[in-house]
Amino acid sequence: MNASSKRKIISQSEISKKIAVMNEEMQGFWANNSWDIRKCPHPSAIELSKNPALRNRWVRFERVKNLWLRTELKYFYFYHLNNGIWNAKTVWIRKGTVINKMLDFLDLKYPSITSITEVPIEKAMTEYRTYLTKRGVRITTTNYKITANQEKTPVKANSYYVTNLKQFMEFYENFYFDGEEWDKDVWDRRNLPLPDDKVNPTQYEYTINFKGFRNTYFKQLVKRYCKLRLNVDSFSYVSDIAQRLKEFFNFLDMKFKQVQRVHQLTRVEIEAYLSELNMMGIKPSTITGRISILEGLFSTLLRLEWDDVPSKILIYSEDYPKIPRAKPRFIDEFVLEQLNSHLDKLPEYIATMTMIVQECGMRISELCTLKKGCLLEDKDGDFFLKYYQWKMKKEHIVPISKEVALLIKVREDKVSEEFPDSEYLFPRKDGSPLKQETFRGELNKLAYEQNIVDKSGEIYRFHAHAFRHTVGTRMINNGMPQHIVQKFLGHESPEMTSRYAHIFDETLKNEFTKFQEKLVTNNGDVLDLDEDNEVDDVELQWFKKNINAQVLPNGYCRLPVVAGGCPHANACLDCTHFCTSKQFLPQHEEQLERTEELLAIAKDKQWQRQVETNSRVKERLEQIIGSLTG
């Protein structure tokens, strides 16, 4: 039995037909056995060929005399170039500098094969590493990454020489696969007909990996279950399900080899697994997640009456650990001041993203997928930011400052020029939205290089979601009503917001005033988009300008009533030296009308302090107007 039959590859005759089709596709320039970048019709090649410093002009496939293998090699690069996966720089520079060694190796080792899939990947990679080492070529490279402890650590990886061959061979393992994507042990979401809401485009998670199962039966069971879960769950969550179930069934295979089917499971095996989890030193919330995934599998098997189901209840409510109430992981002002003082050292787009997330507190996926045209402007010239909430599957609008709106406008102009075909405000080179890891990585690289530390002197580790916690915590600490914070952050339930409801002793009234002046007076407050996307909606404008306000004859008091009654607000109405006449009657009537409007809103929202303050103003105005008109 040859290697390809073991790996579920199509027959040799089918491979020959596919290779014939490849040759038909590669016409004109692509039919040549030597690719000259100066003659390549691909747009990225035309641009790159203008570079006077370009040293690698040719890719010479004629070094491989085996015609079958040569066609596969050419098509491998042709496919990646013409499907937008790679550009000319990748082919002629990044891979072009290492390709000759691979071509010579293939010509030497496999002169007679009719497809690269005749050779097992593991065998070819071992032989190639030996080949390179004997010729003094490095097979590994050292990269550096910032760890979770904010330490710079060297990481060994395969060199480009090695990865080039590995990518080539894996491409044809997939290209010649005999079956559907679901039949593979690695599911690539790019090859699955998944709806957009199942895939978060800001994550690098492209695959669900079922390799590594010690028991083939349990692997097939988990694959079937994961395919079912993809009907309702996100791709990333199903990937986690596959990993956790693999851990459980491998534990079972190592400790209880006699258990070969689900119906053979008892509490003995489950309790042993629970003990294993508790000895791993992981958080209670993580343990809860793993138990929940396992219970989800068992309950599904029972409800849907699969052939192999648990013979009894295996998991009970008391198996779940008690989870401590989570505290928001906010970023201390001490750290934020350092971050903001070094924004100029970040790439322009990362600095802009940092300013936006500090003000709006959106989730990282929402920040990365902001689109061109996300700014809305009302009749007063104030701005709102519209974005899509991946978690809640809905659009959301929050008011933003004119300063941040200007940054967004500048960014939009730049992106429209550089990436006219991309819909995103922060696109990658291929036009897709920026990945979350890029944003986190740049911030933590900055923290390491600029020595951004916490109060204990340790280099600070930035987590993107901490900006959201910071906005929520700051709003609650400064007296913002919880339901308003809930609206601003786009939380589905009050429970999601209540985690921010803790107060710090160092909160001062002047800081509170400064906070509200920014988020209420200048930025306004949160408003949900109505069906017509009208930011000039009356209720929206009331939220923007009047939450926690007191009416004055010529405007509104900017000191929130929730911070305590202001002794100066409408002081003339209570002053014994105050006097007025009929000539001021229109102003009094206008102020009364505005006060009544604000009072109605306050009563409707049950804002008791605002009701008390504005009721007093209303009574005094009615007395004055009554006297003037009586």
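Every residue, even glycine, has its Cβ placed from backbone N, Cα and C.
If you check Swiss-Prot, you get these features:
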DOMAIN    216-302  domain 'Core-binding (CB)'
DOMAIN    326-513  domain 'Tyr recombinase'
ACT_SITE  Arg363  active site
ACT_SITE  Lys391  active site
ACT_SITE  His465  active site
ACT_SITE  Arg468  active site
ACT_SITE  His491  active site
ACT_SITE  Tyr500  active site, O-(3'-phospho-DNA)-tyrosine intermediate
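Sequence features annotated in Swiss-Prot and their locations in the structure.
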residue: Arg363; record: active site; DSSP (3 states): coil
residue: Lys391; record: active site; DSSP (3 states): coil
residue: His465; record: active site; DSSP (3 states): helix
residue: His491; record: active site; DSSP (3 states): coil
- Query: Do you see any of the active-site residues Lys391, His465, Arg468, His491 whose C-alpha is within 10 Å of Arg363 (active site), and which ones?
  - Reply: Lys391, His465, Arg468
- Nonlocal residues around Arg468 (active site), in sequence order (Cβ under 8 Å, 6 or more apart): Val357, Gly361, Met362, Arg363, Leu489
- Could you list the residues of the same chain, at least six apart in sequence, whose Cβ is under 8 A from the Cβ of Lys391 (active site)? Arg363, Ser365
- Here the active-site residues are Arg363, His465; which one has the lowest number of other Cβ atoms no more than 10 Å from its Cβ? His465
- Query: In angstrom units, rounded to an integer, how far apart are the Cα atoms of His465 (active site) and His491 (active site)?
  - Reply: 14
- Task: Just jot down the residues in the same chain as His491 (active site), at least 6 apart in sequence, with C-beta under 8 A of its C-beta; none if empty.
- Result: Val485, Thr497
